[in-house]
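Encoded as structure tokens, the structure appears first; notes follow it.
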């Protein structure tokens, strides 16, 4: 029966309009991702040949690319699963007769659950490291995914979203810590490599929803539990490496403040506040795209649901490509300059978007995704350098705040769309990247490091 169902599924997929074009595009995107990995990853000879669970690789021995690849792949699976929630909003809206406000409430529940718990998880694991929390967190995501597939009413949908949010609250701060541990000192590159996995996964959600969930119904969401199980297996082996790395580092001196030693506590907190303002501007704007872009395209240009989801996929893949750029560029020219350009630089394109045709909407959203996405890796590493020795706390704070702003943004913009129009939402959000001007108040940490050196 399984074989027959598989053949039927493949036959139905083949009938889909432009299916082969979508498949070709997916292969091309995967080739771009692998090509990037070959560019930033030197030969594995710099790392001893060992399994993930083998002996830890100190920073002096170079970057642990095998571990980085594993944690980035897990991030891909994690965020692919999470993006399915956003991708099937039109389906959920139709099945449960939801308003835009209720759609925003689903995002708010998921994002707020993650945002409130992530700093707590990060703070706790800074004091009491829990290497095996990674597969446990993915277990919450697995349960939420299965519940989403069978939810009988709106209330259960919210519970499913909350469980997925709990999974994120554990995964992101701890996996970001692993990426830094495996970086070999190339923190920007490591964070970008880790982040690009998540962004590629997020971009796959709409594509998979269009090809699988829309034609086969909400119950087919459960098929993606296989991805969660694979992620649990990979994260278990990453956790073994993490535990071995911790055991090897016991007794070593704690991280010093380095280039931020000249900054007072007040200046550090002020800089953190500026970074949070930038996170607000970025993720409030991204919420308008991730939650409502499909509705915007359907309403303004009368495209099909599948067509709108493909446009969302293209935008999210542009976000993934932008993430590839931000970290390594920050390592080379300084993170402050990357932060400046990646927020404020998106403003001309966001201001033009509400007035563009369908063709130019596609072009502009790619530019917005590329530019805006390059910020987060630079912001996160900059913040980690401001408060050294608190990787989990800083990662939890910034991932949590980003998730929270995404959730609040989705809820607020949903209410705004209900009371005005979806088109008006994009006119308002167009001005958010102008907040990037506050980057001027950030201290030039890299410049001070060079002066000290």
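The backbone N, Cα and C atoms fix where each Cβ goes, glycine too.
All TrEMBL annotations are machine predictions without curation.
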Report summary line: Per TrEMBL, the transmembrane segment among 128-146, 394-412 spans residues 394-412
Report summary line: Candidate ranges 61-82, 193-214; TrEMBL annotation transmembrane segment resolves to 193-214
Requested in this report: Name the residue range among 25-43, 424-442 that TrEMBL annotates as transmembrane segment.
Outcome: 424-442
Query - Paired segments the transmembrane segment (394-412) and the transmembrane segment (362-382) in contact, 3+ CB pairs under 8 A - result: yes
Query - Positions whose Cβ lies under 8 angstroms from the transmembrane segment (362-382), at least six residues beyond its ends - result: 176, 187-188, 191-192, 195, 199, 275, 278-279, 282, 285-286, 289, 293, 311, 314-323, 325-327, 329-330, 335-336, 338-339, 341-343, 345-346, 349-350, 352-353, 356, 394-395, 398, 402, 433, 442, 445
Report task. May I ask for the residues of the chain that lie six or more residues beyond the transmembrane segment (268-298) and have a Cβ under 8 Å from a Cβ within it? Result -> 83, 86, 89-90, 100, 103-104, 107, 206, 260, 304-305, 307-309, 311-312, 315-316, 319, 339, 343, 346, 350, 358, 361, 365, 368, 372, 375-376, 379, 382-383, 386-387, 398, 401-403, 405-410, 413-414, 417, 422-423, 425-426, 429, 432-436, 438-439, 441-443
Report task. Take a look at 104-125, 156-172, 193-214, 310-330, 337-356 and tell me which one has the most Cβ pairs under 8 Å to the transmembrane segment (424-442). Result -> 337-356
Query raised in the report: Which listed stretch (104-125, 193-214, 220-243, 310-330, 337-356) has the most C-beta pairs under 8 A with the transmembrane segment (156-172)?
Result: 104-125
Query raised in the report: Same-chain Cβ contacts of the transmembrane segment (337-356) under 8 Å, 6 or more residues past its ends?
Result: 275, 278, 281-282, 285, 322, 326, 329-330, 363-365, 367-368, 371-375, 378-379, 382, 423, 426-427, 429-437, 439-440, 442
Query raised in the report: Ranking 104-125, 193-214, 220-243 by Cβ pairs under 8 Å to the transmembrane segment (310-330), which is first?
Result: 193-214
